[in-house]
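Lifted from TrEMBL, the feature list:
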- B:26-49: transmembrane segment (TRANSMEM)
- B:69-90: transmembrane segment (TRANSMEM)
- B:76-180: domain 'ABC3 transporter permease C-terminal' (DOMAIN)
- B:124-145: transmembrane segment (TRANSMEM)
- B:151-175: transmembrane segment (TRANSMEM)
- B:196-215: transmembrane segment (TRANSMEM)
- B:235-254: transmembrane segment (TRANSMEM)
- B:289-308: transmembrane segment (TRANSMEM)
- B:328-349: transmembrane segment (TRANSMEM)
- B:386-406: transmembrane segment (TRANSMEM)
- B:412-438: transmembrane segment (TRANSMEM)
Amino acid sequence: MSRPVPLLSASGLTKAHGRTPALRGASVDLHAGEILAVTGASGSGKSTLLHCLAGIVRPDEGSVTYDGRRLADLPEKRLSELRRTEFGVVFQFGQLIPELTALDNVALPLLLAGTDRARSRTLAGEWLERFGVRGQQDLRPGEMSGGQAQRTALARALVTGPRVVFADEPTGALDSLSGEQVMTALVHTARESGTAVLLITHDAQVAAYADREVQLRDGAVAPLGVTA
Amino acid sequence: MKALRADLRLAWELTRGSDRGEWWRVALTATGAALATGFALAAVALASLRGSYRVSVAAGLLDEPGTRSGVIVGLLLLLVPVLGFLGQCARVGAVHRDRRLAGLRLAGATPWQVRRIAALETGLACLLGSAVATVCTVLLLLRQWDRPTALAWVGITLVAVAVPVLGAASGALALRRVVASPLGWVRRVGPRGGRGPGLLFLAGVLLVGVLALLTVGTTSPAASNRPNGGPPLQLMGVVLAVGAGAVWLSGATAKATGRILAVRARSAATLIAAERLRDDPWSAARTHAAVLLVTVVGTGFLGIRQVMSDVVRTQRFSAPASYYTTGLDLTGAAIAIAFAITLSGLAVGTAESLATRRRGLAAQAAAGVPRTVLGRALLLETALPLAPAVLLSGLGGTAIGTWYALLAGRPVPWAITLVPVAVYAACLLAAATSLPLLRRSLRPGELRYA
């Protein structure tokens, strides 16, 4: 029986920030609908790996392939479009525009894709409903709790129906209860829509939500095996 | 004294360990202080003259008390855009500086200590600018004037001391919220909303007005051919009233534009720009107010200049034509300088707004928001509120020019209607100077720092 072709695949990635190496030959595969946790100590290169996989930065060496296309071959404009339509990105904080309401923040990717304002807002409202923050739709990020803001960020990452969601420490700034709510919402929605999730975390409890976990050590991947 | 030395050392250490933004703030604040000192010293030197003199520069404009008081008022009016510029400089790195000082409070510093450190940070930059400008002005003055009077020296000393002292006081005042609530400030992540039009700026404008009243009141009555300083005072009053109104007008325009467009925006760039305006309409009000003033004064002046040049060319007067043309040229130069300072303030304000938001912007770009959309939103933040405000002020300036032309029985100089268009274009270009900074702010490296 042949192994399924990974949706996203990285091979031999190296990347240095100035003279400090962050990745040293890291390789990782992500399959469609899979939830993969990447764990590791601080400074092990987790965030840099996510940035390379999402096409945010170009690796110094090695390649990233998404759905049969090498990201290195795509121009910056196409990479932006890819991140807007087929990828969703969630950071620990900062991705919501502070001046926009929760509803407009979630509607923004749709507006950028050319959907009209009214339709964008309707769809955004539905996604906020799914994540249990419909009641906060008129609040700005600064007026919401950390958990509400992060669920809004998840709604924004998923509103375009991406095939892969990259989540960089999505619960890193939250208390355990809020973190649990965010992870439950993310995993539930990803399972429902068949979205693959690459989850960067240093928290074992968060990693436990994943189908598979790989550990980064000094910029290289050390597989741990199936955890769920 | 020992405590002051310790605070001075701490202020220096904090500044030295700061990022490039802080050094920019110091350099720009020193430049603004140097400009303010230079203009004030020139005004003081002229104000110390009594009666008629033969001054070798300005084609006789400075010889008589009447015209001299007009020049003094002009020099003092140049302080208004400088104040706007200094206000924008104070915003450079403001978020990081506020957090740093709030951190000091959390580490156990008393409110008074934090105020002193903040005052020293700003005061030292102002002292640097003030010292350089004072030395240059005094050297220049001694080349023109063999023995300046004691009154001139007193005025020069007062200005040289007052600029850094006022700078330090405004630095301490600007941090009153941090001192009052350090925890609240540290936790604040979004920009402040509902701010007023800048009390410090208005206080500064008021101070300029009082100084102008004093100087005109003490110099002009000495003139034999002009018993009182009425016209310059009336002009000063009108400009100050228009200036104060302009601050409110620009803030109110920004707020209304944001509110109207936020609900009707069809594109992401317009939505982002409109919501930013609605959220903090006062952030650029001081600079925009200076733009409005320059537009009114510039448009009106060009109309008056055209009519007066026409009159001087076709009629004979007791004074030589160069007397009038030099006056017109000097006024034009002063307006051009004011406009250049205003544009610099606008550019600094736009750059600061980007620098404060750079991590969020990098996150937007990482999430796929195109750079062009963010760039358009940045330009729209300047373009949207300025459009109606510049239009109104352009109309005001055109009305002044038209009124003067009709008064003199000359053709209306319609070419001046192009001035607001040129001002608007220049403002957009000034805002566009921040686009390279936007490109740098969107680098993924920004995602690595909080």
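Cβ atoms are placed via backbone N, Cα and C, with glycine included.
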Positions whose Cβ lies under 8 angstroms from the transmembrane segment (B:289-308), at least six residues beyond its ends: 80-81, 84, 197, 239, 242-243, 246-247, 249-250, 324, 328, 331-332, 335, 338-339, 341-342, 345-346, 386, 389-390, 392-394, 396-402, 404-405, 408, 410, 412-413, 415-417, 419-420, 423, 427
Averaged pLDDT, computed only over the residues in the domain 'ABC3 transporter permease C-terminal' (B:76-180): 79
Cβ-Cβ under 8 Å with the transmembrane segment (B:412-438): same-chain residues at least 6 beyond its ends: 291, 294-295, 298-299, 302-303, 306-307, 339, 343-344, 346-347, 350-351, 354-355, 361, 371, 374-375, 378-379, 381-383, 386-387, 390-391, 393-394, 397-398, 401-402, 405-406
Residues of the parent chain within Cβ reach of the transmembrane segment (B:151-175), under 8 Å, 6 or more residues beyond its termini: 29, 33, 36-37, 40-41, 44-45, 47-48, 86, 90, 94, 98, 101, 114-116, 118-127, 129-131, 134, 137-138, 141, 145, 200, 204
Other parts of the chain folded back onto the transmembrane segment (B:328-349), taken as Cβ under 8 Å at six or more residues beyond its ends: 28, 35, 58, 61, 71, 74-75, 77-78, 80-82, 84-85, 87-89, 91-92, 283-284, 286-288, 290-291, 293-294, 297-298, 301, 305, 308-309, 382, 423, 426-427, 430-431, 433-434
Tally of DSSP helical, extended and coil residues in the domain 'ABC3 transporter permease C-terminal' (B:76-180): 92 helix, 0 strand, 13 coil
